[in-house]
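Novice: Let me begin by handing over the structure; questions about it come next.
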Amino acid sequence: MIISSASDYREAARRRVPPFMFHYADGGSYAEQTLARNVSDLENIALRQRVLKDMSELDTSIELFGEKLSMPTILAPVGACGMYARRGEVQAAQAADNKGVPFTLSTVSICPIEEVAPAIKRPMWFQLYVLKDRGFMKNALERAKAAGCSTLVFTVDMPTPGARYRDMHSGMSGPYKEIRRVLQGFTHPFWAYDVGIKGKPHTLGNVSTYMGRQIGLDDYIGWLTENFDPSISWKDLEWIREFWEGPMVIKGILDPEDAKDAVRFGADGIVVSNHGGRQLDGVLSSARALPPIADAVKGDIKIIADSGIRNGLDIVRMLALGADATMLGRAFVYALGAAGRQGVENMLDIFKKEMRVAMTLTSNRTIVDIKPEALVDLSKL
């Protein structure tokens, strides 16, 4: 099929990847209202076109935590990303490396830290959950540091997994899930060979390395449910700082007061995020949550935004709403599932081209030039 946008990659991934993995990435929690609002709220913000400005020199690059990024985006942590392409985390990391942006490895990745880090030149980021087993957390931080990871992304909006009803229907969870997955593999032979056979082992690499035994995909949801720690508090940041000296970003902030606390407890950045609508359905979209957070802490801490970004225009919208950078999750997973490393590289090229068009026609030569004045909120017209 012809690929011209991220939405095309979504359709291509739907065809190639079996339903239990496609819907795991594509779905949200409960009735998926927040998932839908993440997209629609961005769509309802129009760009303010300005003309007859000299836009012959345009720069999409930024510096973030001492790193030069070719565009203001980072590939977000995605659990079990290695199930969308053969050793998928390695392919996605190499694509990000080639395009000059960071890749964030999830705690619950298929490929372990020690496999991904040597495959790329630039330092990757590492994402960590608060888990009941503090020994695992300490081990993961030590391994990430030893592998040269530059930035820690500390995810705080998962003290318990969200209720993802779509997973029950797709075979990711629910009755007879193992049989349903095998049957889906038969109807998706290219994926079954490339990932199912050539992409083994299908284990949670970081967890298995620590446990000394294989924690497979069948154990994935159960392991998360058992090990997430609902006692998480701001004091956990102080404990983590004992083992991590580099930049630390708190992911899962939707309230200005929490953003202020992140500043107070010494975080270097926050990610304004509702976990892509995968945790608590009914919360604010990131686009709606971002402006008051930016008003509260802009300049005191780096602000990254995710959830709902489907094209380069959405990146410009998030920047104008107050973000310093963005994270891409579903968009790169669709591309990875559709075409592996090449798909992710092409997706990033598409986003960058869309950004350049938007910046040119809103008369913003650099990323720091993009301000709220570049937007028109259609809901107020």
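Cβ atoms here come from the backbone N, Cα and C positions, even for glycine.
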Novice: May I ask you to find which of TYR24, TYR334 Swiss-Prot records for the substrate site already listed with TYR129, ARG164, ARG278?
Specialist: TYR24
Novice: So, in DSSP terms, is MET318 (FMN binding site) helix, strand, or coil?
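Specialist: Assignment for MET318 (FMN binding site) reads helix.
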Novice: Taking DSSP three-state, what's HIS275 (active site, proton acceptor) in: helix, strand or coil?
Specialist: helix
Novice: Please determine which of the binding-site residues listed here (SER106, THR326) has the lowest count of neighbouring CB atoms within 10 Å.
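Specialist: Result for the binding-site residues SER106, THR326: minimum number of other Cβ atoms within 10 Å at SER106.
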Novice: Here the recorded positions are TYR129, HIS275, ARG310; which one has the lowest number of other Cβ atoms no more than 10 Å from its Cβ?
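Specialist: Selected from the recorded positions TYR129, HIS275, ARG310 on minimum Cβ neighbours within 10 Å: ARG310.
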Novice: Excluding near sequence neighbours, so keeping only residues 6 or more apart in the same chain, what lies with its CB under 8 A of TYR24 (substrate binding site)?
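Specialist: Listed in sequence order, they are ALA80, ARG164, ASP167, SER170, MET172.
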Novice: Pop the Cα-Cα gap between MET318 (FMN binding site) and ARG278 (substrate binding site) into the table, whole Å please.
Specialist: 20
